[in-house]
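Report on one structure; see the data block that follows.
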């Protein structure tokens with residue numbers, strides 16, 4: 001418009017000059033004709049000039065509005081999207097050169113010229129047609145002069161847009177252009193005049209949108225109650241989906257306060273992060289809930305829900321009101337009581353541990369039928385999928401209770417690590433997820449000390465599991481740069497969660513719990529209501545160490561662990577000298593050692609870590625106290641205590657470090673002899689660690705294949721659950737490789753010879769005369785369950801007969817007397833061995849059961865059938881039936897793949913239905929990765945590897961990290977068969993019967 005106005009003024013001025021000249025000068029006819037010609041010519045030139053200028057103006061405005069369609073190669077090369085935005089601890093936003101005459105809406109990050117302070121958000125929710133309308137007023141501060149307002153908006157129809165200045169000048173500021181740029185999900189408002197630094201402004205936007213069926217943004221779900229389908233709507237904004245519900249500055253750094261109002265029919269109720277401070281009613285039967293103002297928080301922690309649930313409540317010791325909302329029948333049955341009870345205790349535990357008060361007056365827990373994740377830690381309104389918060393103690397196994405417990409512990413921890421202190425940017429998402437995952441085990445130990453979670457279950461469920469992933473050449477650093485929006489979802493993987501937790505645990509053990517706890521308090525107090533980066537954490541930990549006179553630079557140590565992918569294998573070898581010296585070396589552990597040759601650009605880097613290696617020496621009757629050695633070089637020599645011929649070395653005491661330990665073969669032989677003669681000399685954590693290390697070192701070719709098989713021959717003497725659990729995980733991994741080989745029975749028979757003595761000794765869970773279940777100590781029950789599962793899985797006949805007998809009794813009496821702790825084993829074994837009628841019986845029970853935990857176990861049991869027709873029927877029903885939650889659809893496909901008879905079916909089904917599955921779970925990348933991994937990890941032939949590669953090419957999945965991992969795992973499976981299968985079976989053929 002500005003250009004068009006200038007052109008018109010110039011045109012009028014030129015015409016006036018020509019007119020003046022005509023009046024002043026009298027002319028002859030000839031002169032008059034000449035002047036007339038000049039007048040016509042001048043007029044024509046002026047008109048032509050006007051047309052050209054107007055055309056230029058129109059072209060510029062069109063190109064401005066349609067910039068999304070233009071190429072921006074030069075901008076991509078020179079822009080700021082890849083530059084790292086440094087954030088100071090006080091939350092001040094440093095300026096990025098995002099405008100400079102460029103187009104900041106093309107960048108990944110919003111320009112740093114504006115900073116939101118407060119949102120006033122008013123929504124009207126129409127549940128009858130699943131739509132909503134809204135109005136948002138955003139108060140923001142101008143940090144650097146700009147004419148542009150760039151904020152996020154996705155799938156919203158924006159109507160009215162007004163911008164106001166804080167100056168006394170009345171009326172809205174003049175808007176020159178406004179347009180949506182979909183590639184970056186932003187809305188751009190270009191003002192006629194600049195906004196000035198340190199001034200505040202307000203933007204008012206009205207908009208409409210749909211309540212989506214997809215489980216992101218503001219989405220809908222449903223459930224059945226008394227034969228009637230009921231609907232609810234709830235939000236899921238993490239990581240980048242608040243923009244689907246209202247226009248906002250949708251990045252973690254842009255913290256602001258929020259005041260939310262929700263209008264809906266009076267038959268529904270609404271919830272949000274804060275308590276309701278006022279309610280107004282309309283004559284037409286609609287109500288509006290006005291919620292209190294929130295503290296400063298990131299957009300992705302804002303939440304609301306509209307539902308007709310009921311609730312139970314409790315008051316924590318610190319006065320916080322806790323409510324658990326769920327389906328009315330679930331509340332009535334008491335399914336939410338357990339989660340409510342432990343949440344009350346956890347709020348006080350975290351407040352005491354961190355010495356930082358919980359910041360809000362209330363905490364709501366919302367159980368929804370469908371959700372893209374297990375749970376979401378929205379501040380004051382945490383949302384859980386039903387399977388992760390509702391517990392029926394009559395039918396739920398201990399494993400289910402434990403899984404539910406750690407999910408609740410995880411989400412409550414986020415109220416501090418995440419909600420109160422938020423990572424600056426997604427590259428450090430592990431700062432919140434790693435802490436929450438670590439505290440799952442600390443918090444569970446507080447609730448149930450006998451579970452001994454941090455010292456035991458953490459090893460198998462976190463450390464051992466993530467090291468499988470992080471030992472791949474396709475792994476990535478825990479802190480990974482985010483260059484594109486698609487990269488944001490990818491940072492939410494097990495590397496962020498589990499490796500983050502393992503590194504935090506390693507740090508806590510190096511520092512000592514008291515000092516670690518003090519440093520966390522300092523970190524939280526310094527950054528509360530703000531953002532923090534990893535260096536902020538390292539600085540607080542270093543300061544705490546220095547105050548205790550310990551000169552350890554945490555930043556130097558931890559940058560090696562967070563900015564490099566993978567982890568080391570530490571090899572400890574005795575020297576032949578008489579000075580009790582040993583050699584300690586480190587190298588990057590990779591399952592596929594050929595990857596270092598195939599990818600020299602990656603592996604030519606000097607992968608090296610500063611390793612806190614704890615070390616002890618022992619013999620048949622004694623083990624020394626541990627010493628710590630900081631290993632910083634590729635290889636170094638150290639002296640240890642007195643060693644004689646039968647003295648063995650043990651590294652990484654209690655597996656507190658994030659690395660594997662290898663030894664010379666003689667030391668492995670001595671350790672195995674120790675386990676055979678008196679295993680309890682070595683701690684239970686280290687016994688589990690030795691088993692996990694030895695199997696994985698052999699898998700990667702660091703050790704002969706017979707060493708792990710020799711080690712598990714001590715298992716019949718193992719009295720504790722944890723080493724059995726570590727062994728069973730390793731054995732199931734091997735079984736996946738071997739179950740289609742001709743000599744598989746050699747392996748299964750060998751495993752049964754190790755398992756059967758303990759199986760017969762422990763027996764099955766007992767029932768009292770009245771039919772109720774008798775409970776043993778936690779460790780005893782878990783060990784019994786683990787051994788029964790191994791016995792049934794590897795074909796013990798007694799185990800099979802017992803399972804069939806229990807299923808038959810249930811069918812004939814219609815009374816389920818199967819102990820909850822082994823129901824999944826019995827159901828699966830019965831379905832696999834018995835006829836089609838049993839499958840139909842389990843299917844019927846799945847439909848009729850109202851207990852969430854029981855439904856999950858029943859559904860997974862249906863995947864154990866050896867009838868391909870029934871498996872195919874189940875796969876189709878799970879994808880099309882509303883009875884099966886989205887999380888369980890993925891589990892069904894994976895469990896069918898775990899069934900050797902269903903493996904090819906699941907693989908074929910996955911490929912045929914990929915478009916449907918990817919459209920449903922594509923944005924919920926965590927679930928999509930789980931699906932890809934679960935279906936492909938069983939492939940182990942050259943033909944299957946080629947099928948996988950061809951499918952990836954035709955499906956366009958070349959860039960997906962999950963597919964890269966899948967190819968690497970299948971290649972490793974194929975390679976293992978070529979290199980090690982014959983060696984493996986040769987030893988088994990000669991193995992002793994005992």
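Quick reminder: no glycine exception, Cβ is built from N, Cα and C everywhere.
Automated prediction, rather than curation, is the source of TrEMBL annotations.
The stretch that TrEMBL tags with transmembrane segment, taken from the ranges 39-62, 63-86, is 39-62. Separating the Cα atoms of residue 433 (Zn(2+) binding site) and residue 497 (site 'Transition state stabilizer') is a whole-number distance of 5 Å. Remark: residue 410 (Zn(2+) binding site) has 375, 377, 436, 437, 439, 440 as non-local neighbours, by Cβ distance under 8 Å and separation of at least 6 in sequence. In this structure the alpha carbons, written CA, of residue 414 (Zn(2+) binding site) and residue 497 (site 'Transition state stabilizer') are 13 Å apart. Counting only same-chain residues six or more apart in sequence, the Cβ atoms lying under 8 angstroms from the Cβ of residue 497 (site 'Transition state stabilizer') belong to 430, 433, 434, 437, 466.
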